[in-house]
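Now, the feature entries from Swiss-Prot:
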- Asp237, His239, His270: divalent metal cation binding site (BINDING)
- 237-239, 262-263, 284-286, 289-293, 360-363, Phe367, Arg370: 4-CDP-2-C-methyl-D-erythritol 2-phosphate binding site (BINDING)
- 1-230: region '2-C-methyl-D-erythritol 4-phosphate cytidylyltransferase' (REGION)
- 231-386: region '2-C-methyl-D-erythritol 2,4-cyclodiphosphate synthase' (REGION)
- Arg19: site 'Transition state stabilizer' (SITE)
- Lys24: site 'Transition state stabilizer' (SITE)
- Arg156: site 'Positions MEP for the nucleophilic attack' (SITE)
- Lys212: site 'Positions MEP for the nucleophilic attack' (SITE)
- His262: site 'Transition state stabilizer' (SITE)
- Thr361: site 'Transition state stabilizer' (SITE)
Amino acid sequence: MIRDERVAAILAAGGSGVRAGLRKQWLELGGESVLRRAARALVACDAVDELVVVVPSGEEGRGLAEVEGLGRPARAIAGGAARADSVRNGARAAEGCGIVLVHDAARPFATPGLAARVAEAAARDGAALAALPVTDTVKRAAPRDGAPIVEATLDRRALWLAQTPQGFRRALLLEAFEAAGDRAAEATDECALVEALGAPVTLVPGEPGNFKITGPDDVARARSILEAPVAMGVGYDTHRFAEGRRLVLGGVEFEGDGLLGHSDADVCAHAIGDAILGGAGLGDLGRHFPDTDPRWKGVSSLALLREIAAKVAAAGFRVGNCDVTLAARRPKIAPRAEEMRARLAEALGVTPGQVNVKATTGEGMGFVGRGEGIAAHAVALLVRVR
């Protein structure tokens, strides 16, 4: 990169989002707005010295707030009636910069490396854009009553799909806007204006993941990238033995003294419940079923699991599977493990094949080995459904 010229990144976020039916620049993806994600990639590029965010008139304050703290000087200015007006305003505002990068705020997945390559090509050649070679066969259509017909098959070897960022010497871009006049609004990108001057534009290999959010399907695609389709939680619980209480594990009653607790003290169900709540980011068992609440005194822990399954469903998850290990000298778990699996699965609304129960004796070590109580370790896998 030629470092004797400053580089400004212009983030075009002045659109109304009419095609998508939403204001794309403010849409939240994975905890951040689309605009901030797009800005983050630009300012992470070492070549970029400053950021100019172009937003709808009256929303400059919001636009600036979205890009604060990203490590580059930034300002927000008002856009115009058309994209060309907004980018022209941004280029004019980038005084003192020899190179400008223009990037769609609706492309939140561009990488800093791509921005650097486009900036370098623009500094060297005057104008450049990120683009992908066409891989599908392309047909040119002709109108016909009822449905269009194929007029010709184009040679895809000469066809590229334009992306952003697009980079320019600032003076060249402003000259292109001046020459186009009112016709600038008809151009679908800035490179078309430079091409109209007869100036060469260099193609820089783009990135397949650098797609533009234009409609609901694109929003769903972006969310599928940023929001993990599965989540995992870990649960752990212990209870000491207490005389005169029922011993319930996995919803199944065993012979012998039970465990001390506010509910039925089913340590197996409690560990599973904690794992499921943790995977959904919903805290722990004590938060939802505190031992200070008389509603849960003596209640079956299977009822708690039903409540937990409903809570995680409301949070957009379903239980994929869970695996629990009991550490206990007594009782013998293996003979009744299948019964426990069935009870737990019914409470969670899953099949027994999605629940696994196993046990260890602790080899005589610790409080488990001394026969003072039972411990349970559980892991749960949750599947995001929305």
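Here the Cβ of each residue, glycine as well, is placed from N, Cα and C on the backbone.
Counting every protein chain shown, the number of other Cβ atoms lying within 10 Å of the Cβ of Gly362 (4-CDP-2-C-methyl-D-erythritol 2-phosphate binding site) is 17. Relative to His270 (divalent metal cation binding site), the recorded positions with Cα atoms inside 10 Å are Leu285, the candidates having been Leu285, Thr361, Gly362. For the recorded positions Lys24, His239, His262, counting C-beta atoms within 10 A of each C-beta gives the highest total at Lys24. Residues Thr238, Leu259, Gly261, Ala265, Asp266, Val267, Cys268, Ala269, Ala271, Ile374, Ala376 surround the recorded divalent metal cation site, their Cβ atoms falling within 8 Å of the Cβ centroid of Asp237, His239, His270, which are themselves excluded. The DSSP secondary structure for His270 (divalent metal cation binding site) is helix. Using Cα positions, the member of the binding-site residues Asp237, Leu285, Pro290, Asp293, Gly362 nearest to Lys24 (site 'Transition state stabilizer') is identified as Leu285. Around Asp237 (divalent metal cation binding site), the C-beta neighbours below 8 angstroms that are at least 6 residues distant in the chain are Val267, His270, Ala271, Asp274, Leu285, Ala375, Ala376. Annotated pair Lys212 (site 'Positions MEP for the nucleophilic attack') and Arg156 (site 'Positions MEP for the nucleophilic attack'), C-alpha to C-alpha distance, rounded: 22 Å. Rounded to a whole value, the Cα-Cα separation of Pro290 (4-CDP-2-C-methyl-D-erythritol 2-phosphate binding site) and His239 (divalent metal cation binding site) is 16 Å. The sparsest Cβ neighbourhood within 10 Å, among the listed recorded positions (Arg156, His270), is found at Arg156. Most Cβ neighbours within 10 Å, among the recorded positions Lys212, Arg370: Lys212 holds that distinction in the structure as shown.
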